[in-house]
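Visitor: Before I ask anything, here is the structure I am working with.
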Amino acid sequence: MASKSWLNFLTFLCGSAIGFFLCSQLLNILLQEQADVQPNMLHNDPHARHSDDSGHNHLKGQMDFNADSSQHKDENTDVAENLYQKVKVLCWVMTSPQNLEKKAKHVKATWAQRCNKVLFMSSEENKDFPTVGLETKEGREQLYWKTIKAFQYVHDHYLEDADWFMKADDDTYVILDNLRWLLSKYNPEQPIYFGRRFKPYVKQGYMSGGAGYVLSKEALRRFVDAFKTEKCTHSSSIEDLALGRCMEIIKVEAGDSRDPTGKETFHPFVPEHHLIKGYLPKTFWYWNYNYYPPVEGPGCCSDIAVSFHYVDSTTMYELEYLVYHLRPYGYLYRYQPALPENILKEINQVNKKEDTKIKLGNP
């Protein structure tokens, strides 16, 4: 009798175990399907800036939107080209060995081409891509170490090659021409940095890591020197907050990156999360973190936006097309914010010389 009861008990345990296993497998399949249909972009942690993989299907090959340049042959890029020469921006992109094919190569094929200099920073060197090996481990807890070492590397090797130094993730899309306009009003010898300004924990605020941030040459000097003199230390693994605290200690100003109408230019999410009302629930951390009152809907974003975050490989090319190729026929651009007088004067002088050449019949 006892052996029969024991056998029944074992049968029950085995059945329960098998049932639990099958249920867990089914649940995993359902959750994976849900992730593929609606990727999890709403991170509950405001400092979860850099993810290795969001579950998306990544494009395998690069795309070249400049292959057919015939439609752009009459395009006047004088102002952008002048700013390219006058406001030199070095971009360094935080990536990892496993993200080179998934993400970094699409950054390389799109917006990174407009940097005056671009570097891809990883834990390991890759001479083919290429990447700079920072000799760190991978993982979220290493982000600030990678940031410190990346800025130190840039300072030691490229300080005189640029005026401004931008950090971006490999899932950030940056419109460099708009960034140069923003920076053109400032002196790179001024200790200042720009990005999407958040307010908690730092009196002057700090810049969102995911939306990217840009340091002036003097800010970079002070940041690197602060670790040599131990004014700043690796106080936290939370990259953007720790960097913001250091900037306040070394008296680097947290600049206002809004446009003349008060709209934000750096964005910590993809466009639809800012543009569509109700996409971000009011209980979401984002609403309490902004230094300036956030706007939901069409008023959220400047016409001269600088960056968006959590951009997958497909969206990277969509933004490239929408920003640099799509135009409504018959319209002159409606919003052209003013340039600094010195740059505007130089552009006008160049245009006068070109007009003179044309009148004289010179090529």
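Note: Cβ is positioned from N, Cα and C throughout, glycine not excepted.
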Visitor: Check Swiss-Prot: it lists D169, D171 as binding Mn(2+). Then name which of H309, H325 it lists for that same site.
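Guide: Looking through H309, H325, the residue Swiss-Prot assigns to the Mn(2+) site is H309.
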Visitor: The UDP site in Swiss-Prot lists E138, G139, R140, K146, D169, H309, Y310. Which one of M94, M247 belongs there according to the record?
Guide: M94
Visitor: Could you identify, going by Swiss-Prot, the member of C232, C300 that forms a disulphide bond with C246?
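Guide: As annotated by Swiss-Prot, the paired cysteine is C232.
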Visitor: Can you look up which of C23, C115 is joined to C91 by a disulfide in Swiss-Prot?
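Guide: Answer per Swiss-Prot: C115.
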Visitor: Indicate whether C301 (disulfide bond) is helix, strand or coil by DSSP.
Guide: strand
Visitor: What number of additional C-beta atoms lies within 10 angstroms of the C-beta atom of C300 (disulfide bond)?
Guide: 19
Visitor: Quick one: Cα separation, C232 (disulfide bond) versus G139 (UDP binding site), in Å?
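Guide: Roughly 22 Å, rounded to the nearest whole number.
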Visitor: If you count the C-beta atoms lying within 10 Å of each candidate's C-beta, which of the recorded positions C91, M94, C246, C301 ends up with the smallest number?
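Guide: Comparing Cβ neighbour counts within 10 Å for the recorded positions C91, M94, C246, C301 gives C301.
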Visitor: Write down the Cα-Cα distance for H309 (UDP binding site) and S235 (phosphoserine), rounded and given in Å.
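Guide: Taking the Cα atoms only, S235 (phosphoserine) lies 25 Å from H309 (UDP binding site).
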